[in-house]
């Protein structure tokens with residue numbers, strides 16, 4: 001890609017205006033979305049009083065997003081290094097927090113700031129890539145659906161979603177521009193952020209290049225994972241220590257049984273049929289319904305996009321299902337961004353589209369109320 005630079009080293013005003021115009025819509029949607037969530041938490045959010053602290057406004061709108069659940073572990077890794085079983089959390093997010101906090105900025109403020117910026121870059125890159133694949137008009141609808149989806153709230157929390165999606169979307173955008181080397185190196189950062197980065201590596205096997213180059217780009221995408229495994233081997237004597245740590249997190253609930261991905265869908269489906277799970281309230285139902293829906297929508301991705309996005313989506317959806325459970329799937333599928341791209345192509349009735357978006361956004365607000373009250377969501 002050629003950048004127009006004037007002799008005084010300033011950016012060409014026309015190029016600058018072009019980038020601003022492209023970023024304006026997704027940035028506006030993002031800021032409105034964040035503002036709405038903030039106002040909801042201040043004025044409308046129901047209070048589920050778990051402790052005295054959870055009833056305070058400061059806790060709801062700030063500390064809950066920067067300290068609760070997985071966020072606390074990432075901060076702990078940044079401050080003290082890995083303590084078992086934190087090895088299940090991949091290192092790049094904690095490393096980024098640690099590097100910036102060296103400046104003296106309070107670590108919670110670092111998390112909040114990074115989360116805000118990465119949420120913004122996710123929305124912008126999502127819109128840019130979607131516009132390239134499905135057109136600008138459809139991309140606007142896809143972004144609205146994405147903002148409405150219940151687990152998009154994790155872009156506000158100090159989880160890895162913002163970092164992973166930013167890197168992944170950037171890697172695919174570079175792939176679309178045929179900048180494969182740079183794109184695969186960015187892909188390497190995704191595999192240092194989450195195991196789902198393997199999906200990016202698989203996607204690079206589909207590019208129109210020689211087998212040797214495909215394998216090279218595939219390996220570059222896995223560099224982050226490889227470096228983490230080397231660290232685990234040196235520090236703990238086991239390159240696959242992260243898998244054992246993951247098992248430790250879920251052994252109490254009898255999860256993490258390596259199994260065929262469709263088995264948990266069938267098992268939880270039986271529970272729904274027999275009435276053991278109430279669809280109206282249960283997070284189990286949400287996880288199961290989203291898992292089934294996203295797997296079905298893979299067909300539309302294959303037909304309306306291409307094999308590259310199909311394989312990526314398949315990998316990132318299947319990986320968590322290999323644990324033998326659908327628990328948390330409503331969060332895990334958020335990184336399957338091609339599914340959001342094809343939603344406007346599948347749901348063509350605008351009234352139905354916005355009704356679904358409204359329902360999903362109301363569910364998102366419910367998730368926010370639970371999460372900020374220290375009630376587990378996903």
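Numbers here mean position along the shown chain, with the first residue as 1.
Keep in mind that glycine also has a Cβ here, set from the backbone N, Cα and C atoms.
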Can you say which of 20-43, 44-67 is given as transmembrane segment in TrEMBL? 20-43
Which range is it, out of 263-282, 283-302, that shows up in TrEMBL as transmembrane segment? 283-302
State the residue range annotated as transmembrane segment by TrEMBL; the candidates are 239-255, 307-323. 307-323
In TrEMBL, one of 326-351, 352-377 is tagged transmembrane segment. Which stretch would that be? 352-377
